[in-house]
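Written below as structure tokens is the structure these notes are about.
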Amino acid sequence: MKFSNPIREWKRRNPVEHSSRWVGEHVGFDNTPLPRLTMATLSMGVLVSMGGFVFGYDTGQISGFLEMEDFLRRFGQRHDDGTPYFSNVRSGLIVALLSIGTLIGALVGAPIADWIGRKMSIIFWCVIFSVGIIVQISATDKWYQVMLGRLVAGFGVGALSLLVPMYQAETAPRHTRGALIATYQLMITFGIFLAAVFNYAAERHQAGKAASWQITMGLSLVFSTILAIGILFFSETPRFNYRRGKVDKAKATMMKVYGVPENHYALHMELEEIRLKMEAESRTESAIREWLNMWKAPKMAYRLILGMGLQMFQQLTGANYFFYYGTTIFAGTGIKNSFVTQMILNGINFGVTFYGLYIVEHYGRRKSLIAGSIWMFICFMIFASVGHFVLDRDDPENTPHASVAMICFACFFIFGFATTWGPMIWTICGELYPSRYRAKAMALSTASNWLWNFLLAFFTPFITSAIDFRYGYVFAGCNILAGIGVYFFVIEGQGRTLEEIDTMYLMGVKPWKSAKWVVPDLDQMDEKMRHRLEQTNPELAIQQNNTGGVRAEEQGDKVRDGSEDGLTAKKEEA
């Protein structure tokens, strides 16, 4: 059997003239294809993504701390015989207070970023995060000091979870923007994995000493310091500078990250897009009225509820059941070194996320999420059934095969989550809302994520103590409901412009027919539909006034491809 060369096929199907690196032919401008990647873009992506690493590292370390001898002796409670233990309330508060802090930090971080800028905000929240870490490290025997320190650190983690993608989105070239933002998610998984590795090493070499948890926790300060100092060598985002009237600085930053001269057509298009967005924002009303109008706008209540529901179900898949309490869970299955198990789970989570970045653009959102729900449902059904009916929970060593089976299906579950529901929900929520309300709507969906994160982190110890591994059946049911919800309510966004997706929601396209649905031209729609589109995408109305009626679909391809011929090329390919 003869196999074709996949690299040659890739080159044949994706010539630069049909990619977002090609800007077309425009008189008076430099029209050379954009460089695939510049050192400025790469270094910015790696450094700023350190904010995601801080997030993942702080999330991943707490699971191991709860099982460390010194941490348990210092901050746990005592049985009558003097044996230390963590009650459900205490362990739940220590784990979950970070989520409350992140919720507050994410909501407060946005207005501060608009006030002092993205760059200075990142430095400010790195300092806040470091204060929270210092409060925890200095604790000697007061468990509530650790809890309050995690709350303060959560302020920084939550704000950085908003600011890092925002900085990348506002700075990165359009043809690498998606990959760079996905790097943020990748760094989160890397942080979780590295926390498990350090937990294992510290407990092995410093068992019974304060250093067993203080070393791992103290390393958080190193990573936040790298981010805070490193960001000083980068410019403020072009969009923030432009809004402050610093057009020359904005253009200089864009020239550096794009790697093109001043008269390149891509810079012209990007600056024009920023100008149109500013005009659109200048026509909006007061902040309170904008929030109220958002719920009243066509199909917005539907999409707001959908976005918050998707973020809720991302938590109810059960992934954090393993990430937060993995070490404790597998200690209960008789695994002699549960730190190793947690390290394996987090390593799988990190490694397969690379494959998830491929899946999202090659198989579509809907198919991937539904397949992921079914996969995770099967894994949890087996995990819970083995844990409840086969495992000897009083003496797990009597049932070693059951313990191995549970570890295996936990790994299978992590594979399904990290390739589908982990990264893709953030992608869908970024595509779900029209430009006018995107920031506020995404803030609500993110708040839903952190709220359910807190609820699961706090109540999981109570639930597992009451129904043991049958808790997995709850997550299995939630995964089926999540898959059904995607089938009936989520429109496929693969290969679509944001304007096309908005049009599909406004026109009530059936989600299960959305992948093959063809969006009509703006000038072919009736007056009522055009008005509804322009109401939620005010820049479309401005473009109509400025250009004499540029079609929304064509404009969307301009924005995405940086090419006036982008739509024609796309249709010729089809």
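Please read every residue number as a count from 1 along the shown chain.
Even glycines carry a Cβ here, placed using N, Cα and C.
Some features that TrEMBL has for this protein:
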- 37-57: transmembrane segment (TRANSMEM)
- 44-494: domain 'Major facilitator superfamily (MFS) profile' (DOMAIN)
- 91-110: transmembrane segment (TRANSMEM)
- 122-140: transmembrane segment (TRANSMEM)
- 146-167: transmembrane segment (TRANSMEM)
- 179-201: transmembrane segment (TRANSMEM)
- 213-234: transmembrane segment (TRANSMEM)
- 304-323: transmembrane segment (TRANSMEM)
- 343-360: transmembrane segment (TRANSMEM)
- 372-391: transmembrane segment (TRANSMEM)
- 403-429: transmembrane segment (TRANSMEM)
- 450-467: transmembrane segment (TRANSMEM)
- 473-491: transmembrane segment (TRANSMEM)
- 533-574: region 'Disordered' (REGION)
- 535-548: compositional bias 'Polar residues' (COMPBIAS)
- 551-574: compositional bias 'Basic and acidic residues' (COMPBIAS)
Remote residues contacting the transmembrane segment (91-110) - C-beta distance under 8 A, at least 6 residues beyond either end: 58-59, 62, 66, 75, 121, 125, 128, 132, 143, 146-148, 150-163, 324-325, 439, 443, 446-447, 450-451, 453-455, 457-462
Between the stretches 37-57, 213-234, 304-323, 343-360, 450-467, which one has more Cβ pairs under 8 Å with the transmembrane segment (179-201) than any other? 37-57
Report yes or no: does the transmembrane segment (450-467) come within contact of the transmembrane segment (304-323), defined as 3 or more CB pairs under 8 Å with a sequence separation of 6 or more? yes
